[in-house]
Amino acid sequence: MLDDSKVKTELGVAKLGNVPEPLKPRPSLRTPNPDEEPNNHTINGLSNGTSSQNVPHWTQADDRRHSLATLSESSRTSTEVSLSSRSRFIVDKELQGSRWSCCFRAVNMAFLRCLEETPLLVSGLLLAILFCGTIIIIIPSTGRSLSVHVAAFAVVCVLVCVCVPLLLCLPCMPVIRRGKTPLALFIWSMLFIVAFVFIFTGGVVTAWEQVAFFLFLSLSVYTVLPLPLSWALIFGIGTSVCHIIIISVYVSVTSPQTQDLAVQLVANAVLFVCVNAVGVFHLWHTEHAQRKSSKKREDFSRNRATQAKQKRDQEHLLLSVLPRYIAMELKTEIVKRLSAKCSTEENLPNFHTLYVRQHRDISILYADIVGFTHLSSTCTPEELVAVLNKLFGRFDDIAKKNGCLRIKILGDCYYCVSGLPDPISHHARNCVQMGLDMCTAINKLREATEVNINMRVGVHTGNVLSGVIGLQKWQYDVWSDDVTLANHMESGGVPGRVHITEETYAHLDRKYQVEEGNGGSRASTLQGRRTFLVIDPYAENSDTTPKTHELKVDSKPVNRQKLRASVRMSQYLQSWNSVKPFSGLNQPETSLTAPPTSNSISQPQPFIVSGTNAPRCLENGPVDSLDSLGNEKERVKLNSVTLFFNNIKLEKQYSLSEAQGLHRSVICLAFIFISVFVVQMLISQKNFALAVSYGATFPVQILIVLVVFTKFMKRWHSKFPRSICWVSTLFEGVATRAALRLLLVILCLLITLLMAVLNIVFIPGDNCLNVSHNTTVLNTLNLYTVPYYLYCCLLAMLGVIVFVRVSVSVKVFLLTLAVVVYLALFLHVYAPRSDCYIKQLYSDNSTPGVLKEPKIMSGIWLVIFYLISLILMRQDELGSRTEFLLEKCFNKETEEMETTKNVNRLLLQNLLPEHVTEFFIGKDIQNQDLYSKSCECVCVMFASVPHFFKEFYNESSVNNDGLECLRFLNEIISDFDELLNKPKFSAVEKIKTIGSTYMAVAGLTNPAKTEEIRTCDKTYSHIRSMLDFAVALMGRLENINMHSFNSFKLRIGINHGPLIAGVIGAHKPQYDIWGNTVNVASRMDSTGVLDKIQVTEETAQVAQILGFSVTLRGVINVKGKGQLSTYFINTEHLSTQQQSDTSV
């Protein structure tokens, strides 16, 4: 490495010292161009690969090309060259270090990916290599001749040569990992061949021959080799059957004098049945957990997708009505309220939160459709909603094109602003151009349909306060004296023209020609102001403008006269193709939040289990959504040794959580215990000690199993006598309590591990070496029982892996303790019995094969099964902890989604009526419907505080340019909204606020038509609710006056009858009501008297039926309605109790 660096340095010096050309300036050596630096590194990299023999030739070629002046130049810069060489040397070493680091990271990532994709296959290969390596070491180290045991030695060497390349290729070759099932079968077949080689080589074939090896083969197909259950059953049972058949045939033919051959074969069968049962249980439990987890993921994914869709629709609906910044503020406030539910009322603020901001240099446009009131009287409800949606939908398109934001639709009045929510320098031009486009659109409509309507537009520029007020049915609005002036500009304008103030004209920068407007001659509020009418620059060329996609009505005069005006308008408006309200719902590409992908669902993310192959848990929603509830990602780390969570709180939760499937594990362990008992009863001499040991442990096992079976009695819990009902909940109490559960598991495992080897103590043969020359005596000792006690120990060790949700440290401790005891017994305490048995089998003093000597065989297989158990325990523990994290993560995200859904629902309930929200949300197809509903009997109320803006509102600096006045109006409206939460007023629905006017209806959610008519005719419950609500509003305002030392009075107008409710607007849909009932109720307010409730004659008659007293006001002139008789509701005659109920 050092020599290579020197070569690099020398090459650098040679090049820098001899290469500089006269054409290149000298400063380039001192201050090299940063853009050329990568090229220099590239040259160095190439130089490193060049041989040292090429260096002199390269230098001489350059020397011939340079003059003596160049050589003197290089001598003057020798110091700089040496410094540059050292720096390049350092850079090259850093590059080499980074390359090694990159290589290490790549190998590490490949290995981790391999462990994640094929953990069992890697474990199987490692066990196979470990087993073969052990055999290769033991054969020569125990003095065995390779020439005698060449077959066994050769076959394990071949297996090593196959397994090692496979293990090395797994991380870097995904093709091999994808074929894990064929690869697992190949490994199993190699081990199967090795097992038969060990059977028929190395000495005498006995009945217990290689039972441990075939137990390992049968177990491996269920555990460490990735095979499906059906394949594992075929190969596991097939392995066992092959051993039983071959051994029974071969031994009975070659060694018919074998002692207790039938008994040993039956014992072999019991062992194989037990190991296959344990393997099937473990594999079924693993696959069941995977299926359960997959189903849980699918259910959660489906639920998450459904809720995410609802959330997207809700947020789209929300942002269709409110600007984003207002929606975010409102949502944050609702979350704070929900989180502060437990706080006392003393902590509540004195004032409601005000969501209003100040904006300067804003242009306001008011537009009114002249003649539309008469036209609407000829329309059906469906036609009216369709016409309004087409008209205002086109206006919304025009507003969007010109950079304007529609604020509200008041009947046939449309007003918008430019410069909100973000400031725009050319806001005045935007509003003027929009007004011209609106007039052009109405002119085309009038010419095509011969309907006498026109557009009157007024524009003013100034300052506004924008936001929402109140607690329910928020609508984005603007307030200021400049807004009021813009409204007066519209009312004092000219049909078909855009009427602007002098302030607006000053912002146009002479982009439009104007003429005098003389607005003061048409509106007294404009007297003293100079106004202008904008000249449409395209008016002269209007005939040449393109008219694409326009549907002409019938041009014949006779046919045209036959059609109503509304029909002609509907036919023409079909050509406008305006967007339907909320048509963007159910379209993922236009929604605010992208739908969850399969990767985000199947690979959840807030929980990341470090150091494991566990999946990550669910990531929070996208940052573009309105969700302010999201938490930051949490990394959950495990201790790499103990597998405990580093978070103590999380570890405690996991330890105390209920263990699923504990009853199955106890039953499986009981089956292992019975199998061990049967094997020992078959091979051991029946003695008193054996009877005592099992006589003491069997009752304990039976008691444990009975406790487990109480789980199945829970379904008949209600049929039990009360005195013994506790029996059915006995196991549940054990499974849900960590201490009792741990005690039960330790007791079961200790009994099984102990009984596997306990009775070997009572078997005679401790002094067998003294009689090893006497074959008859050795036969009476039944020394063949030693291997079977080893097999019983192997089965008992497998009992540890059947318990999944038990502390892994406890299981490792018990297993390690058992292995240490077993090794001490078989390799030291009872090793003489193994030696005697070998002398009995090999009387000619020959050396048996490695796996034919019980002592060596015990050490190898106890370690192999110990490692298998550790691998499976670790794998199960990781899976269990991952499942716990997933469950916790799923529950957490479900709660967050439910919270977000509830917050959005609360927001939507404050924007639209619930039945309207349900109409637009939850559809699986794109919304194609207009929402409209005709109601036969609805009570409408307008309640205004007329003196608020006339006398109280002031935009002085003391009132923060009117903001503090709006704060007081917000308190009034909020107090009114709080009354709607009372059950008494559940039938009352707020529609909107218009300035200081409060608009509400009762009876809007009508049932069947006949039922509603019956209700309206007989009970009038909704009218009673509205009258009581009006009285309650007056009481609330009096309470506000008392605390604020003001003297505001309400002026209320009420009417009832049929109306039309619907949603109109394209880019900012709005719910509203229309009809003669609404217009008359509005006139009842505008023509009313302070501190009075004015109603029509029909409503007064209903009020009298309901028990209210009325007073005739007389006949008054109502605009658009002529002379009407009106009445006042006598609120002073209401009882004191009723006033207190409604005002508090």
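Just so you know, glycine gets a Cβ as well, placed from its N, Cα and C.
Model, not experiment: these values are computed from the prediction.
Pulled from TrEMBL:
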type	residues	note
BINDING	368-373, 410-412, ARG456, LYS992, 1072-1074, 1079-1083, LYS1119	ATP binding site
BINDING	ASP368, ASP412	Mg(2+) 1 binding site
BINDING	ASP368, ILE369, ASP412	Mg(2+) 2 binding site
DOMAIN	363-490	domain 'Guanylate cyclase'
DOMAIN	939-1085	domain 'Guanylate cyclase'
REGION	1-59	region 'Disordered'
TRANSMEM	120-140	transmembrane segment
TRANSMEM	146-170	transmembrane segment
TRANSMEM	182-201	transmembrane segment
TRANSMEM	207-225	transmembrane segment
TRANSMEM	232-253	transmembrane segment
TRANSMEM	265-284	transmembrane segment
TRANSMEM	662-683	transmembrane segment
TRANSMEM	689-709	transmembrane segment
TRANSMEM	742-763	transmembrane segment
TRANSMEM	788-806	transmembrane segment
TRANSMEM	813-831	transmembrane segment
TRANSMEM	856-873	transmembrane segment
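Within the chain, the transmembrane segment (120-140) has long-range Cβ neighbours (under 8 A, six or more residues past its boundaries) at 114, 146, 149, 152-153, 156-157, 159-160, 163-164, 166-167, 170, 177, 180, 183-184, 187, 190-191, 220, 223-226, 850-851, 856, 860, 863-864, 867-868, 871, 875. Between the transmembrane segment (856-873) and the listed ranges 182-201, 207-225, 813-831, the one holding the most Cβ pairs under 8 Å is 813-831.
With a cut-off of 8 Å between Cβ atoms, the residues of this chain six or more beyond the transmembrane segment (146-170) that come close are 114, 118, 121-122, 125-126, 128-129, 131-133, 135-136, 139-140, 176-177, 183, 187, 190-191, 193-194, 197-198, 201-202, 847, 849-850.
Each residue contributes its Cα atom, and for ASP368 (ATP binding site) and ASP412 (Mg(2+) 1 binding site) these two points are 6 Å apart. Through the fold, the transmembrane segment (207-225) approaches residues 120-121, 123-124, 127, 184-185, 187-188, 191-192, 195, 198-199, 231-232, 235-237, 239-240, 242-243, 247, 251, 258, 261, 264-265, 268, 271-272, 275-276, 278-280, 282-283, 784, 787-788, 790-791, 794, 798, 801, 851-852, 857, 861, 864-865, 868, 871-872 of its own chain, all at least 6 residues removed from its boundaries and within a Cβ separation under 8 Å. In sequence order, ASP412, ARG456 are the binding-site residues from ASP412, ARG456, ILE1073, VAL1080, ARG1083 with a C-alpha within 10 Å of the C-alpha of ILE369 (Mg(2+) 2 binding site).
For the Mg(2+) 2 site, the Cβ centre of ASP368, ILE369, ASP412 serves as reference, and the other residues of the chain with Cβ at most 8 Å from it are ALA367, VAL370, PHE372, THR373, GLY411, CYS413, TYR414, MET455, ARG456.
It is 662-683 that, among the stretches 182-201, 265-284, 662-683, 813-831, forms the most Cβ pairs under 8 Å with the transmembrane segment (742-763). Ranking the binding-site residues ASP368, ASP412 by C-beta neighbours within 10 Å puts ASP368 at the top. Looking at GLY371 (ATP binding site) and ASP412 (Mg(2+) 1 binding site), their Cα atoms lie 10 Å from each other. As a whole-number mean, the pLDDT of the domain 'Guanylate cyclase' (363-490) in this prediction is 87. If you take the Cα of ARG456 (ATP binding site) and the Cα of ASP412 (Mg(2+) 1 binding site), they are about 11 angstrom apart, rounded to a whole number. Using a 10 Å radius centred on the Cβ of ILE1073 (ATP binding site) and all shown protein chains, the other Cβ atoms total 22. With respect to their backbone Cα atoms, ARG1083 (ATP binding site) and ASP412 (Mg(2+) 1 binding site) stand 16 Å from each other.
For the domain 'Guanylate cyclase' (939-1085), the number of residues in each DSSP class (helix H, G, I; strand E, B; coil) is 70 helix, 38 strand, 39 coil.
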